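Feature annotation from TrEMBL assigns domain 'DNA/RNA non-specific endonuclease/pyrophosphatase/phosphodiesterase' to 10-199. Marked as domain 'ENPP1-3/EXOG-like endonuclease/phosphodiesterase' by TrEMBL: 11-199. What TrEMBL records for HIS74 is active site, proton acceptor. Residues or ranges marked as Mg(2+) binding site in TrEMBL: ASN104.
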Amino acid sequence: MSGTATRMLCNKGYAVGVDRHGEPIWSAEHLTEEGLEQAEAEPGRSTFEPDHRLWPGFRSELDDFRRSGWTRGHLTPSADMPHGPERDETYLLSNVVPQDARLNSGKWDRIEHAVRDLATADGEIFVVTGPVYGTAPQTIGPDHVPVPVAVWKAIYDPADRAGVVIVCENTDEERCHETGRQELQALTGVDPFPGVAIGAVRLESERVSRAATE
């Protein structure tokens, strides 16, 4: 994983790269059919909490989001995790960015479902999710948590060495589009799959694209 992350936080089911301010740059996971079957059989929710591996003043706090007008948006979704301990860790605020509520519960949620469907159909996929902060982002709360101007999700299917990148504007208009890996790297500094030559998006990945554009 390349980009502007200066520290990697490893969890049971995913990893997060954070910048020098403790803000998430990317969140990476490996989805499998078996893991998603376990997740469906063991649904549940947890509670958001700060990531105490990061110093106060260099992490998001619950108070930052209160009455901010933004919802707490997962990067790696809790529904992707097979068991409670893995699911609990997705509620760490190091895996969360301020997200528009309509986008979070609407098109972004449909994209997350489409990604899980793809992993179930193909056996396994790799997924990296992250924010686009822009040059001078709005901030919220006492800790000045930056609000992304967009969020993105990159999917790689190792069976066919194929992938897709979806970018969604962080607004209530739910505008999303498909882009390329090079364009994403130019926009964010992150290459989600370094060293992997990804071919054209294959037919099954069109489900994710449809979820983003319909």
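Including glycine, each Cβ sits where the backbone N, Cα and C put it.
Since this is a predicted model, take the numbers as computed values, not measurements.
Long-range Cβ neighbours of the residue listed as 'Mg(2+) binding site' (same chain, at least 6 residues apart, Cβ-Cβ under 8 Å): THR71, GLY73.
The Cβ of the residue listed as 'active site, proton acceptor' lies under 8 Å from the Cβ of THR90, TYR91, ASN95, VAL96, each on the same chain and at least six residues away in sequence. Classification of the residue listed as 'Mg(2+) binding site' by DSSP places it within a helix.
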